[in-house]
Amino acid sequence: MLIYGLRRLVVSVPIVFMSTFLVFVMVSLSGDPLANLKSRTPPVSPQVIAVEGRRLHLDHPLLERYAMWLGGIVRGDFGPSVAANERIGPEIVARLGVTLRLIAAAFVLALLLAVVAGVISALKQHTWWDHGLSFLAFVSLAMPSFWFAVLLKDGGVQLNAAFGRQIFSTVGERSVVAPDGVVPRSLDVLGHLVLPTLALAIVSFGAWSRYQRASMLDVLTSDYIRLARAKGLSRRRVIVRHALRNALIPLVTVTALDAAALLSGAVLVETVFQWRGMGDYLVVAIKRTDVYAVMAWLVIAATAVVVFNLVADLLYGMLDPRIRGERR
Amino acid sequence: MRGTQLQRRRPPRRLVRRFLAHRPAVASLVVLTIVVVAAFAVPLVWQYSYADITPDSSVPPSLDHPFGTDNLGHDAFAQVLRGIQRSLEISVLVALVSGLVGTVWGSLAGYYGGRVDSLLMRTCDLVLTLPLLAVAAVLANATSGSWWLVALVLSALSWALIARVVRGVVLSVREKEFIEAARALGSTDLRIIATHVVPNVVGPVTVTVTILLSTAILAETALSYLGFGVQAPDVSLGLLVSASSTAVSTRPWLFYFPGLFIIVIALAVNFIGDGLREALDPKQNRVRR
């Protein structure tokens, strides 16, 4: 199984390479990183602009720049940022922590909600429970994630105003002035996490709960469930031990594949709640044609995709022994 | 010959009947039709144009302004209708362009197989590895933000999805006897693709394109919110929502109405896609338990 996963990994390497190259070219051609510097009043002297251009490797042709960037990545150097006082590496690592917190929380929440909703839907197929939960799932699929996020944020603000004190934190990933002590500080971070997590989780919830419903229905009609019931096992035991366990297998792999997509969802949620995470970094970088910063985001996103694909493959093999022999 | 023609006519009628049996899909089709017709017809008779600046600024919904006005005095009803038009135009263009490119691409890959197939499909893989939101933002940032460029950017990133679906279908059709028979009768490759392969592909493509329609609407809103989509003074649903998102508490009507229409449209399109899929592939739709 590990070998299978590794082989998949090796196959995806050239594609990832091409992908980074494509994005590198696109971002480089999408604008002039020095535009801001050139348009300043009073005008910046041409020497300064030339020096800045050299710092950003703009005096080299595009292909050479890509090669230099690639060489840098191998050594763990993300390249120069347009913002002269910022180093991309430490910056993105700090922001990755912030974003991972959000993604992990949203992932767990979405998974829990999806499993519960999916199982209820399947067990009570064609009842009002099923219809209601299905409708919820469809609405969450049709809702622009940031619209819901803004709605939540506004709800939080109004609730705070109504009670005259801060119940929900609606701005930033933590308070500007962090409280002293480990426990208050953690509580502060958790408080800021609540609404964004909900906003991000709802995006994945829709698809996952539908998936869980379908796979649960599939399992419930299978022979071994009928056999388990015929043996005289209680309905509850059959559902939890036999049906749910098997129905979770496909969901687990789907969620692992989708987890990387949460990174894109986080871009919007972070913008709404003004978090200083990866998403915010990407938006700013694109706006100022910060090629190397965009590339840093991409490399991390691509790594996440590859890693989660691998995890999905391995999980699938681990959870479902039938797969191991077939997939070679 | 006549007999076979009659045979070929029959499935669509059965398909329509099956689609009509899917109640959410039918209801959605009705709702979507009303929204589309209203979006294009009502502005012709409505008293305000989306660009009019009326003397009433920031008034809540009233008879004169059913959706209220913004701080400059734009009539939000006219703007929402205009936004629906734009968002629909963008998503339909995305669906058409990526549907066409994807179908041709996938058909060629599936039909010819071998080296052509791997070359074409690796290109698809490459496109599919690009994170949609990030790359669309980069491309849209480089272009000037007119609505059809936004649509083309989204198409450039979504055709590969369709190509993959089409290739799968073509691969399974390719080995069927009727293709062999057509070839034995001396049909050219082009003729076989056009008369035998494409009709089989239409179903799955329609379903995927329908889903793409709602994805495109949502992607447009997301891009506009981040500032990379349609640019003012043009109007789209995404732009309306993002422009009003900073003042939800003071002018909630500006935020709720365009958002609700996004949801209604995307929801309706998804249900229609569902209905189409079940009509086209009744095997998936067996009653369980």
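If you go along the chain as it appears here, the first residue is 1 and each next one adds 1.
The backbone N, Cα and C atoms fix where each Cβ goes, and this holds for glycine too.
Among the features that TrEMBL reports, domain 'ABC transmembrane type-1' is placed at B:84-273.
With a cut-off of 8 Å between Cβ atoms, the residues of this chain six or more beyond the transmembrane segment (B:21-46) that come close are 77-78, 81-82, 84-85, 88, 261, 264-265, 267-272, 274-276, 278-279. Annotation source TrEMBL lists transmembrane segment at B:21-46 (among others).
The transmembrane segment annotation in TrEMBL covers B:90-112 (among others). The list of residues near the transmembrane segment (B:90-112) in space but at least 6 beyond its ends in sequence, with Cβ under 8 angstroms from a Cβ of it, reads 120-121, 124, 147-148, 150-152, 154-155, 158-171, 173-174, 189, 192-193, 197-198, 201, 205, 208-210, 212-214, 216-217, 220, 230, 236.
Taken from TrEMBL, the feature transmembrane segment applies to B:119-140 (among others).
TrEMBL lists B:146-166 (among others) with the feature transmembrane segment.
Only residues 6 or more beyond the boundaries of the transmembrane segment (B:197-219), in the same chain, are considered here, and those with a CB under 8 A from a CB of the stretch are 87-88, 90-92, 94-95, 98-99, 102-103, 106-107, 110-111, 132-133, 136, 151, 154, 158, 161-162, 165-166, 168-170, 173-174, 179, 237, 262, 265-266, 269-270, 272-273, 276-277, 280-281. Among the features that TrEMBL reports, transmembrane segment is placed at B:197-219 (among others).
According to TrEMBL, the feature transmembrane segment maps to B:253-273 (among others). Among residues of the same chain six or more beyond the transmembrane segment (B:253-273), those with a C-beta under 8 A of the stretch's C-beta atoms are 24-25, 27-29, 31-32, 35, 60-61, 67-68, 70, 76, 80, 83-84, 87-88, 207, 210-211, 213-214, 217-218, 221, 237-238, 240-241, 243-245, 247.
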Problem - Tertiary contacts of the transmembrane segment (B:146-166) (same chain, 6+ residues out, Cβ under 8 Å) - result: 86, 89-91, 93-94, 97-99, 101-103, 105-107, 109-110, 120-121, 123-125, 127-128, 130, 132, 135-136, 139-140, 201, 204-205, 208-209, 212, 215-216, 219-220, 223, 229-231, 234, 236
